[in-house]
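Each remark here refers to the structure printed beneath this line.
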Amino acid sequence: MADYYETLGVERGASDDEIKKAYRKLSRKYHPDIAGPEFEDKFKEVNNAYDVLSNPDKRRMYDSGVDPNNPNAGAGGFSGAGFGDMSDVFSTFFGSAFGGGSQGPVPRTQPGRDALASASIDLKTAVFGGTAHVKINTFSLCQECGGSGAQGGAQPVTCPDCHGQGFMQKVVRTMLGQMMTSAPCERCEGHGTIIQNPCPSCMGHGRVRTTRTVGVTVPAGINDNARLRLANQGEVGEGGGAAGDLYIDIRIKADKQFTRDGDDLHCWIQVPMSWAVLGHDLSIDTFDGEKTVSIPAGCQTEDTVTLKGLGVTNIRNKDERGNLIAHVNVLIPTKLNETERGLIEQFAASHDSGATHVSQASRPQAGQKKGFFSKLKDALS
């Protein structure tokens, strides 16, 4: 007999809340839509365990040594006498009387499955947090019947054929003589109850498939591909059962101006040659509004200027933020009039002293960036 307590990872004396909490955790962990199709059997085991332990009557039966989902798998019957394999053979021919089927009514109310969706946000929302809206298509509670499945909200009535047992017994003639077999009640489909007037909206299922928009609170500092959980926002179960959870995978869209590296943001600014030589204060747009960047005199291409505290919010400490790092690109003029060229040549002559030879030691090494004046000479030569 399967150990349902071990399957859910709880003690035999676990409370209903502990069992439900364990089930929620494991159903999310092994849900085929999340963990992958290879976990489908494990997911079914978890559901079977919860089906028994969440039902007081079934749990009492199980604790007494009889599995409600397989009554003949306990100490009695053929398996108790060492004929487990024969039990399977008999069940093939004669039904659940020989250890094959599940006896007892099947609950109409079943827990809902978890759902998975994705949301795209811009980089600014990732920096400061915000709200994303996701459109999902899932089973929702039928508003017409409130989940009962019956028209007008009426409750199901006891099946007159099986008298609420969910299965029917009959005597059949076999090579071994007359045998008693049992099978799910055809009239109530094993539920033990029938819905006399099914709800026209959900056709007696207590739920309908709908498309709805869900608001998702995005925490500041969230990373790309992070997954958020919204409890009880997944699919409503059969018979209006409790909804599963909704998982949202976050995708951060590329930004035209900034890139992200951990908690730091990076941007690129182009400055005229004169600003790089003399230094200059300029304004740039940031996620915090317009800010001033001070370009130091003698600034080179690929130099950086750091604006502290203007980066991404730290997801673990909302009072901390990374930095905004501005990368400088000095614009070298490619077209000069005679006056401008003359001034540049005078400037170059005063610094280069007419030198035409560069010693080997002063050449840039591999991976070393050229200085501003070297680039200027390259542009004018």
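FYI, residue positions are counted from 1 along the chain as it appears here.
Backbone N, Cα and C define each Cβ position, glycine as well.
The number of other CB atoms found within 10 A of the CB of C145 (Zn(2+) 1 binding site), across every protein chain shown, is 26. Annotation source Swiss-Prot lists Zn(2+) 1 binding site at C142, C145, C199, C202, citing sequence analysis.
Residues annotated as Zn(2+) 2 binding site in Swiss-Prot, with sequence analysis given as evidence: C159, C162, C185, C188. In the three-state DSSP scheme, C159 (Zn(2+) 2 binding site) falls into the coil class.
Residues or ranges marked as compositional bias 'Polar residues' by Swiss-Prot: 356-365.
Annotated domain 'J' per Swiss-Prot: 3-66, in sequence order. Per-residue confidence over the domain 'J' (3-66) averages 84 (mean pLDDT, predicted model).
The region 'Disordered' annotation in Swiss-Prot covers 355-381.
What Swiss-Prot records for 142-149 (among others) is repeat 'CXXCXGXG motif'. Proximity of distant same-chain residues to the repeat 'CXXCXGXG motif' (142-149), defined by a Cβ-Cβ separation under 8 Å and at least 6 residues beyond the stretch ends, is recorded for 108-109, 155-156, 195, 198-202, 204-208, 236, 239-241.
Residues or ranges marked as repeat 'CXXCXGXG motif' by Swiss-Prot: 159-166 (among others). Long-range contacts of the repeat 'CXXCXGXG motif' (159-166) within the same chain: residues 103-106, 184-188, 190-194, each at least 6 residues beyond the stretch ends and with a Cβ under 8 Å from a Cβ of the stretch.
According to Swiss-Prot, the repeat 'CXXCXGXG motif' annotation covers 185-192 (among others).
As annotated by Swiss-Prot, repeat 'CXXCXGXG motif' applies to 199-206 (among others).
Look at Swiss-Prot and you will find 129-211 tagged as zinc finger.
On a Cα basis, C199 (Zn(2+) 1 binding site) lies 18 Å away from C159 (Zn(2+) 2 binding site). Across the structure, C202 (Zn(2+) 1 binding site) and C188 (Zn(2+) 2 binding site) are spaced 17 Å apart at their Cα atoms. Within 8 A of the CB centroid of the Zn(2+) 2 site residues C159, C162, C185, C188, the other residues of that chain are P105, P160, D161, H163, G164, Q165, G166, F167, M168, E186, R187, E189, G190, H191, G192, T193, I194. Of the recorded residues, C199 (Zn(2+) 1 binding site) and C185 (Zn(2+) 2 binding site) place their C-alpha atoms 22 Å from one another. Residues near C142 (Zn(2+) 1 binding site) in space but far in sequence (CB under 8 A, at least 6 apart, same chain), listed by position: G149, C199, S201, C202, H205, G206, R207, V208, G240. Among the binding-site residues listed (C162, C185, C188), C188 has its Cα nearest to the Cα of C145 (Zn(2+) 1 binding site).
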